[in-house]
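If you check TrEMBL, you get these features:
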type     : residues : note
DOMAIN   : 52-457   : domain 'Major facilitator superfamily (MFS) profile'
TRANSMEM : 50-70    : transmembrane segment
TRANSMEM : 90-110   : transmembrane segment
TRANSMEM : 117-135  : transmembrane segment
TRANSMEM : 176-197  : transmembrane segment
TRANSMEM : 217-237  : transmembrane segment
TRANSMEM : 275-293  : transmembrane segment
TRANSMEM : 313-332  : transmembrane segment
TRANSMEM : 344-360  : transmembrane segment
TRANSMEM : 366-386  : transmembrane segment
TRANSMEM : 406-426  : transmembrane segment
TRANSMEM : 432-452  : transmembrane segment
Amino acid sequence: MSGEKENPSLNDSEINCNAEECNIEEVRTEPRIQVNNSSDTPIKLYKRRWFIVLLFSSYSLCNSFQWIQYGIINNIFMKFYDVESFTIDWMSMIYMLTYIPFIFPVTWLLDKKGLRVIALVATALNCAGTWIKVASVRPDLFPVTMLGQFCCSLAQVFILGMPSKIASVWFGSEEVSTACSIGVFGNQLGIAIGFLVPPILVPNVEDMNELAYHIRIMFYITAGVATFLFILVVTVFQERPELPPTKAQATARLIPPEQYSYTASILRLLRNKPFILLIVTYGLNVGCFYAVGTLLNRMIIDHYPGEELNAGRIGLTIVIAGMVGSLICGIWLDRTKTYKQTTLAVYLMSFIGMLVYALTLNLGHLWVVFLTAGALGFFMTGYLPLGFEFGVELTYPECEGTSSGLLNCSAQVFGIIFTISQGKIMDTYGTLAGNIFLCVFLLIGSVLTGFIQSDLRRQKANQLSRTTADGQLAGQQLDYGATALIKKPDSPSSAKI
């Protein structure tokens with residue numbers, strides 16, 4: 001069909017292993033998986049893959065916007081609903097708290113039902129949450145607005161693990177990191193708009209009726225966008241392309257569903273030592289980002305009273321710079337495949353950026369805050385797709401949604417811990433002490449990242465695929481450790497998988 005092109009190149013995520021030519025055995029006590037011959041399966045890249053990832057980015061944007069829409073005007077919602085600052089902080093932290101118990105059933109559902117079902121549930125929950133919040137604009141209806149935010153936070157569970165899965169299912173190996181970055185890009189842009197728009201739409205006025213009017217306008221706009229995106233997903237979102245984009249996807253389609261064990265996959269991941277280290281370091285970095293985003297309004301207002309609008313603009317600067325960093329890092333990874341080196345460098349720069357931001361926040365010059373916050377965002381937010389793609393490399397050929405789900409779960413746990421702890425430290429000792437608290441954990445994360453073994457299994461699979469294509473497989477051996485062992489066949493006509 002028009003708009004399609006053949007992809008004759010071998011891909012980074014493929015194992016082009018003919019079941020008649022090689023012998024693959026599960027190590028330890030894992031069950032054997034029977035895979036049919038996929039060497040003759042044609043592969044193609046479809047132009048519509050860009051529409052799919054952009055549609056995902058759009059509804060991810062709508063959802064992430066709501067994560068910070070209360071926190072960035074914390075003082076205004078405190079006044080409207082007559083609640084404490086910590087209570088409004090929970091309107092952001094509920095996104096983190098909800099993720100932890102629901103991530104495992106959601107990743108199981110992603111494995112069993114696929115991308116379209118997850119996309120439909122995500123957009124339906126997000127749409128429902130926005131309309132519940134429309135009905136909550138009254139000072140005595142704070143529990144209702146909390147219910148709406150809970151629905152949106154539940155939708156987020158269905159969203160965060162999808163970028164790497166969409167990239168693998170729809171994109172060729174030379175563009176998977178870029179595609180993953182675009183998926184993350186939507187989430188970042190939503191946070192950026194969440195920093196910028198609420199202070200503009202909801203000014204800090206004293207009249208409660210006028211304030212309710214402004215809040216209602218903001219909620220109606222969000223509900224309209226969420227409804228439109230839900231209809232779009234229902235009508236046009238596609239599960240997967242007709243033909244796979246890589247040989248690895250062609251092989252994955254041939255694996256019988258009944259031979260896949262979600263529990264066994266989780267256990268294999270939890271025995272993967274490099275990935276466990278990545279889970280911890282990813283959680284430390286992204287948890288710090290969540291804390292900074294949630295408490296940004298309080299930080300800025302403490303040193304620059306009455307600057308709610310500029311607090312939103314500073315948040316916008318953090319995320320816009322981070323989006324640029326995400327895209328640059330994704331393109332860099334596609335070209336260089338230097339996963340550990342890039343991840344470690346960006347992590348160290350995140351620590352330095354956080355330290356500079358902490359030490360310059362109280363200088364009394366907003367332009368300095370904009371500058372240091374932008375540098376912090378470029379590296380700290382730019383780290384997000386790096387963590388996802390590094391995780392896929394360390395855990396191949398496990399499901400991308402499962403590995404990214406575990407990474408995000410760690411981020412939510414540390415996000416809650418850091419937000420509560422930093423908030424209490426700021427209340428007692430001031431914003432500098434709270435930010436130094438985060439710097440300590442970013443330094444720890446940088447050191448731990450240096451100890452991650454760079455076991456790039458997806459890249460090894462690609463090298464094996466190239467060798468097989470050249471007829472040079474004999475005598476070679478590739479050990480995936482937690483997953484599979486590929487070795488020289490016992491006979492040219494038998495294969496055990």
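Glycine too: its Cβ is placed from the backbone N, Cα and C atoms.
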Looking at 90-110, 117-135, 275-293, 313-332, 432-452, which one has the highest count of Cβ pairs under 8 angstroms to the transmembrane segment (176-197)?
313-332
For the transmembrane segment (366-386): best-contacting stretch of 217-237, 275-293, 313-332, 406-426, 432-452, by Cβ pairs under 8 Å:
313-332
Remote residues contacting the transmembrane segment (432-452) - C-beta distance under 8 A, at least 6 residues beyond either end:
274, 277-278, 280-281, 284-285, 287-288, 291-292, 295, 299, 340, 343-344, 347-348, 350-351, 354-355, 357-359, 361-362, 394, 414, 418, 421-423, 425-426
Hey, does the transmembrane segment (217-237) touch the transmembrane segment (344-360), meaning at least 3 C-beta pairs closer than 8 angstroms, sequence gap 6 or more?
no
Applying the under-8 angstroms CB criterion, which one of 90-110, 117-135, 275-293, 313-332 scores highest with the transmembrane segment (217-237)?
117-135
Spatial neighbours of the transmembrane segment (406-426) far in sequence, C-beta under 8 Å, 6+ residues away:
86, 89, 92-93, 95-97, 99-100, 103, 160-161, 266, 269, 275, 278-280, 282-284, 286-291, 294-295, 298-299, 302, 387-388, 391, 433-435, 437-438, 441
Integer mean pLDDT for the domain 'Major facilitator superfamily (MFS) profile' (52-457):
86
